[in-house]
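Chemist: This is the structure I want to talk about, given as structure tokens.
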Amino acid sequence: MAYSVLVTGGARSGKSRIAEARCLEFGAPAVYIATAQAHDDEMRARIAEHQARRGPEWRTISAPVELAAALAESDGAPRLVDCLTLWLSNLMLAGHDWRAAGEELIAVLATQVSPVVLVSNEVGMGIVPENALARAFRDAAGLINQWVAQDAQEVIFAVSGLPLKVK
Amino acid sequence: MAYSVLVTGGARSGKSRIAEARCLEFGAPAVYIATAQAHDDEMRARIAEHQARRGPEWRTISAPVELAAALAESDGAPRLVDCLTLWLSNLMLAGHDWRAAGEELIAVLATQVSPVVLVSNEVGMGIVPENALARAFRDAAGLINQWVAQDAQEVIFAVSGLPLKVK
Amino acid sequence: MAYSVLVTGGARSGKSRIAEARCLEFGAPAVYIATAQAHDDEMRARIAEHQARRGPEWRTISAPVELAAALAESDGAPRLVDCLTLWLSNLMLAGHDWRAAGEELIAVLATQVSPVVLVSNEVGMGIVPENALARAFRDAAGLINQWVAQDAQEVIFAVSGLPLKVK
């Protein structure tokens, strides 16, 4: 039976660390499904920092867009998806239908045998952005979080590096 | 005795859905007090989407500015105010004294016989806006939330569509 | 044995009021360690408002940058640091090494005999800022919050003026 965990929170709230620890509780080795694309130095530095923290218990898969396929192919070990927000950003920048991709993700999650921990970002608690694209993005990010949270067995809100149990 | 519920959260956090369900628990038909003004297509689309989700259990009143009066006139059935943040925005754009309007709201809420569920937005958890008006708005929004929460019997923080009980 | 409390939350979430009440529970008179600098009228008005709310139970120290020293020198009474986010901003604007200052803060907190309550801001739950400096600031603010929260005995997340216990 499918088991998924959503870990959400703001920037630098300790989401990834909480999610990594939770994922390894399900067993090791685990699979790290990275959605980040190294477009620039800032992002490359952040990816390198995340990789350095993870040890040999992890096998890394890159899935900037084809997340549902990566999940389907990697079933059999606990998976960590880090993160949904970058995946959504990649989808929208590439002109994909993010609603269809989100529905496909939910459908694939429901069929997984091994647990999946998904990291996501809270981006909707600031002032309404003046930029229409930024508004569309934060609306989509909020909806994706709701869809994943609805089916998840656990939902954790990270505050200052600490887990606050929501579900 | 007055009974009010505040449902707060970020954009697309499922606030309205949680608030609608809580309101109907108090009884039906209920009154939906809409503070949105359909200035542009984006807002019209959002209002239409919200209306389509609500069924025949709801009677809708529009109160973009005169919220206290709308509450006083509609007492006798459960009310849902959606949302305080748009109401505050309408007040400030029209040059009204939002502090006086906020105090009037609190005073009217204290006299209501039927329950009132109020939806509000978290807008103060991003980077400090460079725009002075945006800073004034987020300060006012935070204070209105505090005033309503102080007198409320229940306060719910919506995270990824799920309710987190604060009070 | 050192005892510290972190109170975090968005703008106008009632953080300072919650932190002041918690600090006075440890005893009075208490020491208010202010990190704000009165650069402009808006900030002067906010500082004056905060001071007017505090009564004679407080002695005020100004420490816009030298926070660790101010803590070391004021040990012997409960202290309230308001707030870490402005302190970090002062550090970064003055070109200081904020990581070293953060580590120094954590080390000094561990040696305090009297309790310390620290106020901080959530700034990472909005859309990713376009400005690189703003991104660096919100990353640093998030890390400082994590460091302080990890060693704290209590962590409180303020929502609409109400405390949500995280630790």
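Note: Cβ is positioned from N, Cα and C throughout, glycine not excepted.
Unlike curated entries, TrEMBL annotations are predicted automatically.
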Chemist: Which of these, A:D82, A:D97, does TrEMBL say binds GTP at the same site as A:G9, A:G10, A:A11, A:R12, A:S13, A:G14, A:K15, A:S16, A:A34, A:T35, A:A36?
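Modeler: Site partner of A:G9, A:G10, A:A11, A:R12, A:S13, A:G14, A:K15, A:S16, A:A34, A:T35, A:A36 for GTP, according to TrEMBL: A:D82.
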Chemist: Can you tell me how far the Cα of A:A34 (GTP binding site) sits from the Cα of A:H50 (active site, GMP-histidine intermediate), in Å?
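Modeler: Here the two Cα atoms lie 10 Å apart.
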Chemist: State which of the following recorded positions has the fewest other Cβ atoms within 10 Å around its Cβ: A:K15, A:H50.
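Modeler: Least crowded of the recorded positions A:K15, A:H50, by Cβ count within 10 Å, is A:H50.
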Chemist: Over all shown protein chains, what is the count of other CB atoms within 10 A of the CB belonging to A:S13 (GTP binding site)?
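Modeler: Cβ-Cβ neighbours of A:S13 (GTP binding site) within 10 Å number 27.
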Chemist: Under 8 Å Cβ-Cβ to anything in chain C: which of these binding-site residues pass, A:A11, A:S13, A:K15, A:A36?
Modeler: A:A11, A:S13
Chemist: Between the Cα atoms of A:G9 (GTP binding site) and A:H50 (active site, GMP-histidine intermediate), find the distance and write it as a whole number of Å.
Modeler: 17
Chemist: Using C-alpha positions only, work out which of the binding-site residues A:A11, A:S13, A:A36 is nearest to A:H50 (active site, GMP-histidine intermediate).
Modeler: A:A36
